[in-house]
């Protein structure tokens with residue numbers, strides 16, 4: 001893999017049994033089906049993958065399973081997240097050794113971190129595994145966000161190639177593109193409208209909903225890629241009802257609930273997160289039926 005990431009990267013769920021063991025067969029089947037549907041990459045241990053709730057042993061098993069399932073057909077960009085730089089570096093090195101093609105770097109923080117500390121964190125992760133790095137900013141969940149000025153500094157760091165922004169502020173994305181669009185490839189999150197991000201120069205999106213609507217997501221990307229934005233927006237409006245449903249409930253619960261409806265025994269979100277309610281499951285089923293995903 002050359003690190004030129006583009007297209008649809010589903011944020012994979014983390015299927016676990018009642019004892020906390022990774023359901024390798026379920027995860028392998030999901031990866032195979034997503035690749036067959038045409039997705040351009042796989043991202044284990046993103047937000048949908050509940051990285052903040054997993055042990056290192058679980059994370060390792062998940063990444064090993066995904067790399068083995070991908071078989072080099074699509075890049076695997078694994079999530080690295082830690083509150084200490086040393087732990088993030090360790091994770092990045094181990095994932096590189098497992099055969100990952102890139103790292104999605106997340107900064108977890110309990111206390112606020114200065115811009116200098118944030119830069120040092122991502123710079124260290126970028127150097128650790130010698131893999132392409134996607135830096136991830138999500139102000140809704142991060143104690144320390146990445147300013148546009150700081151992103152511009154990080155764009156100069158070797159191996160930092162992409163940015164995934166989950167701010168839901170498309171104007172901010174455009175400001176980032178204006179500042180560093182020649183150095184960083186920009187990916188949208190489910191908080192953004194993917195077709196709009198593609199219109200202003202995005203390279204694709206990394207998001208949980210693509211797990212349950214992979215074919216539709218790939219079709220949307222392909223329409224955007226060839227500039228058929230009127231048709232793309234028609235499809236985008238259909239798919240946006242899924243995002244609206246997700247906004248009401250826990251993200252992992254929605255994606256796992258959708259996959260359960262589609263026949264994947266992925267299990268419930270890890271406690272203390274709430275599972276999908278009966279009302280939520282009914283609403284999600286209706287949306288999936290409407291967009292042709294059931």
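A Cβ is built for glycine as well, from the same backbone N, Cα and C atoms used for every other residue.
Curation plays no part in TrEMBL annotations; they are all automatic predictions.
Database features, via TrEMBL:
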BINDING   48, 206  pyruvate binding site
ACT_SITE  136  active site, proton donor/acceptor
ACT_SITE  164  active site, schiff-base intermediate with substrate
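Nearest Cα neighbour of residue 136 (active site, proton donor/acceptor) among the listed recorded positions (48, 164, 206): 164. In sequence order, 9, 10, 11, 43, 46, 77, 104, 134, 164, 187, 188, 189 are the residues near residue 206 (pyruvate binding site), counting only same-chain partners six or more apart with C-beta under 8 A. For the residue listed as 'active site, proton donor/acceptor', other Cβ atoms within 10 Å of its Cβ number 27.
Every protein chain considered, the tally of other Cβ atoms within 10 Å of the Cβ of residue 164 (active site, schiff-base intermediate with substrate) stands at 27. Every protein chain considered, the tally of other Cβ atoms within 10 Å of the Cβ of residue 48 (pyruvate binding site) stands at 28.
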